[in-house]
Structures are given as structure tokens and as C-alpha cells.
């Protein structure tokens, strides 16, 4: 869960919440919501043990059409935009030390972000083992920098640096939509809570250990995030934090001089590792959706020599580069969160629906219905509040894009048109020869 979010979201959460007090409350509430969402996913993951997470649950509860729209949106928007957001964050922190008195030029940030996408995609295409080594190294780096910031904050508070925390609710935002946007940015930092169910089949005694991991792990992350934000406010006023181009770098300059350089270095390591993790999982849904006939078959193919999902990784990387060209981080996060929370809400609604329609399914983990209801209602709020409060074209474009998948669904998936197969067969064959990839069963 700990990735780029805790280093890029504090500024946006404060901007939308308006004051220190609401900002810290939103970080805490996001942790509570992530915990409740993860508990719902624990029930779904132990009840339906298929790969594909939300895709499999939506297929089981609502049928092929909803599952297809989810796979279409995730493969085309959510996965690559997530990858783009994290690499943009990496680029901001990696370039910050070279521009000490100003914000790095946008062209530098975007070129560095594109370079990171190419390198990470290349590593993941070359070797699963190499990608896992990269992940392990950068995971260590992210934990080190979180500990450094939290410990520094505790020391400063012990020294009485609490003036920025007094009158914490002065200037709070009261806008219905602004609070929703603050939650979008806070929850982006917690993104990853929904990935726990992917490993249920590999856990020893998942019926005990999965809920235990959620109940212990996510509150610990919440405590870390709240303390990191408190640490920021011990040395920065809200206006200083909002004017900072890289919050953690400003914190390091004020607290850790003359070794302030470790902050941008380790934050860049952390975001690079997070981007690697995002890329690492990109092929999973493409494989499952391709197998069900909901995606182009070539996306589910595996490299014959390297046993990596080469087409899916390349496709994800190319789309991510397109996403960094026109947009900034905040626009991408709002665009990403709008679509993501629509599907989170549908997935927790699927849990409620299957309590009545699929009573025959074994439920080793069973959460109270009220938790699923709260997550579903909050998801509805997060999707609708920003649109009602401040309508923007981006939300309409996102909605149109999600439903534009229907144009392809009816002829290609529902009707299984022969003309489409005739067109795709030679394209698939040529791409297979070019990339040296085969259907997954051929590699076994």
C-alpha cells in the first residue's frame, strides 16, 4: 500500500479540506474506509477463489456485461493511469534536487516519467525474477524513508513544535464536493487495500490470516500516514505545504540539513518501486479477461523465452506514456478515482446481492452486512459528490469512455462476429511472431 500517495497526496488533501484538522481527520477516515473495504474483499476472495478479483465477483453477481465494462475500463484506463500517476510522482521527486529554488519544468518531469515507464516495463518484460528483486530493494527504501520522517516528526513534537497544529479547524472546507475530492486524494495513498484477496490461495489458513492481516496491517499504515502528515505540519504552515512543489523534499530541507538529499533520493526509490509493483500486476486482469473472450486474445499471451506477459505489459506501458502527455497528477488522480470508486461500489454491492442470490456459496469469512452497506454508500458519495458540487467535462468523458465499451461488446463478445475474428487472426499471428509469445497453456 505504501507508495507514491503519501508523498503527493498531503498537498491535495489539505487543499481540498482547507485546514490541518480536517486534513488529519480525512487521512484517518480514509484508513477506516480502506479497512472496511478490504474486509468486504476478504469475504469475496475466500468465497470466490478465481483470479481476476473484481472482474470475477462482478461476473458472478451481475453477469458478463458488467464484468466486461470493468475489464475494459481497468485495462484501458485504471491500470495505465495508475502507472502514469506514480511515475509522474517519481519524476517530480527525482528532479526536485536539481531545481532547488523553483518547480522543475513540466517537460523535464514528463520526459523523466516516460523514461521510468520504459525502464520499468523493460525490466518486467525481461524477467519476473529481476522485477521481484527490484521490488524487494525499493520496498526496503520506502520503509526507511517513512521511518525517518515519522521519527523526525515525533522528536520535533517532543521539542514543542506544535504551533501549526493549534486552531487546526480554522478555514475548514464545507463544500460537499471538495471533501469528496480530498477523499479521492487520501484514498489514492491507500490504494492497494483491494489487492489482498489476490493471494488468498497462497496463504496458510487464509480464513484466519487474511482478516488478521487486514485488521493489523491497514490500521498500521493509517497510523504511519497520520504521523507523516503530523510531521509535515510540525515544520510547515499550511500555506508553506501548499506552495511546496515536493512536500517531503521541503520537510527534509528544514529538518535533515545537511543530509536533506536522502529524502528525495529515498522518495524517488519508493515511487519507482511502487511503479514497478503497478506494472508487475498489470498483466493479470488482461490474462483472465482474454481467457473469457472479453479482451483481445494477444493480451493474454506469454513470452515463450522469458515467461512474462509481454503483450499486456507493453500495452500498459504505451497507454501510460499517452496518459502523461496531456495531464498533471491531480487531474489524473481525480479521473482515476472517479472510475475506480464506481467499480469498488459495484463490487461491495455484489457482496450484498450474493447474500440473497448465492446463499449456497461457502463463506469462510463473513463480514457484517452493515460494513458492505457503508462502503457501497461511501463509494456512491465519492462518485457523485464532486460531480454535483463542481461538474467538469473530465467526469463526463470518463463515463462516456466506460460505456463506449458497449460498442465493442455487442458485436465482438455477445454476438462473436466472424468478421472480427477474420480481421484479428492475421494480426494476432504477426504479433505472436514479432514478440515470440504463445497462449498461456502452451508454456506449461
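Placed from the backbone N, Cα and C atoms, the Cβ positions cover glycine too.
Heads up, TrEMBL stuff is auto-annotated, nobody curated it.
What TrEMBL says about this protein:
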{"type": "TRANSMEM", "residues": "24-44", "note": "transmembrane segment"}
{"type": "TRANSMEM", "residues": "65-86", "note": "transmembrane segment"}
{"type": "TRANSMEM", "residues": "106-128", "note": "transmembrane segment"}
{"type": "TRANSMEM", "residues": "140-159", "note": "transmembrane segment"}
{"type": "TRANSMEM", "residues": "171-190", "note": "transmembrane segment"}
{"type": "TRANSMEM", "residues": "210-235", "note": "transmembrane segment"}
{"type": "TRANSMEM", "residues": "255-275", "note": "transmembrane segment"}
{"type": "TRANSMEM", "residues": "307-326", "note": "transmembrane segment"}
{"type": "TRANSMEM", "residues": "338-357", "note": "transmembrane segment"}
{"type": "TRANSMEM", "residues": "369-388", "note": "transmembrane segment"}
{"type": "TRANSMEM", "residues": "394-414", "note": "transmembrane segment"}
Range from 106-128, 171-190, 210-235, 255-275 with most C-beta pairs under 8 A to the transmembrane segment (24-44): 210-235
Intrachain neighbours beyond the transmembrane segment (171-190), with Cβ under 8 angstroms and 6 or more residues off its ends: 1, 3, 5-6, 9, 12-13, 15-19, 21-23, 26-27, 29-31, 33-34, 85, 218, 221-222, 225, 238, 330, 333-334, 336-338, 341, 381-382, 385-390
Two-stretch contact, the transmembrane segment (338-357) and the transmembrane segment (140-159), at least three Cβ pairs under 8 Å: no
For the transmembrane segment (369-388), sequence-distant contacts whose Cβ falls under 8 Å of one of its Cβ atoms, 6 or more beyond its ends: 33, 36-37, 39-40, 176-177, 179-181, 183-184, 187, 334, 337-338, 341-342, 344-345, 348-349, 351-352, 355, 395
Contact call for the transmembrane segment (255-275) and the transmembrane segment (106-128): at least 3 Cβ pairs under 8 Å, seq gap 6+: yes
